[in-house]
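These come from TrEMBL:
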ACT_SITE  Glu261  active site, nucleophile
Amino acid sequence: MARYSSLDTDRKEEAPTTIQDLTYWPNINTVDRNRTQLGRENATLYMLVRNSELHEALASMRELEDRFNHKHHYPWVFLNDDEFTDEFKLLTTGMASGKTHYGFIDPNVWNIPPHTNITKMLECVQDFTARGIIYGDSISYRNMCRFNSGSFFKHPLLLEYDWYWRVEPGVHFYCDQRYDPFTFMRENNKVYGFVVTIREYPETIPTLWKTAKEFFDQHPDYIAADNALDFATTTEKLSSDEADIDPTLGYNMCHFWSNFEIGNLNFFRNNKYSEYFEHLDKSNGFYYERWGDAPVHTLGLLAFANRSQIHHFSDIGYYHLPFHRCPHDDASYSTGRCLCPTNHNELVDFQPFSCLQRWWHYGGRQFLFNFNNEKANVWD
């Protein structure tokens, strides 16, 4: 059957292509899209990202929008130590359901602080590089860790919000998010939520615990009545599968993996955390060693928040190179809510360096079940 009547003598052969393209044309204009926030909370999705990571940023956004934010239209805040390109702004705005905001990080906040001895720092970087310590050769990585440890929540674009969900370029979200985690956090008096907890590389933070403990000892009135410091300081093995812990270190290296975190910005802005960060910063451990923001956040949270205020989002599936994690219940898969791409035995929660069972023992008071229908391992 002919596609057009023989009377359509003025039509050109390329007309079908033109018509097909026009089917999608109205979606190209993102300026007039209704970006009114539907979520109830004063919250934002936050990404620290470079222009060169545009594709990875778009991939993360696409998944989180599909899994969660298309129903809530929470805004996105993007921060960079360089000016964002027009292309970056155009494409990320097109991917977002909510409003987008782009911020430049003041070099005085991002770069090496004046109190750091550059000669000593370069010697330390050279030593870390020679020893093959992960990111030990990178000064920009140190800048990033210091910024995320003590400054991101003070950026002008974030000051208007109470809650943030940290999103990194190139991550995956494996489950539909059927409730608003920001509302959950507020209604349940939580200040911090995580999905992965693992051991830190001891070589990167040899003096972090000593320096943090100095501050805790100087300010006993800052320590929460029901703090969870035992999560980080206990050294007994909770199962035969758990990796050994060096009891001489004082800190078992357990931390909340901060590339995914949902938190209350006001917790980090309060005097306790701000003074704690200043104490750490003066020691220059971010540059003479290679302190990460994850253990820095973790120790501050364990000290200044009650353990009930820290939440493990066990129902969220997530990937950040090189680890996957997925929910442990059958219903998440039988309902189609989650699609986990790996064998359950390959998930990070079941690795010897995972700290999840330790958190569930000391913090979450929950149960961990394996996937082989064997007797559940319970820590309570």
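Including glycine, each Cβ sits where the backbone N, Cα and C put it.
Whatever TrEMBL says is automated annotation, not expert-curated.
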Under 8 Å by Cβ from the residue listed as 'active site, nucleophile', same chain, sequence gap 6 or more
Tyr164, Trp165, Arg166, Tyr192, Gly193, Phe194, His297
Where Glu261 (active site, nucleophile) sits in the secondary structure, as DSSP reduces it to three classes
strand
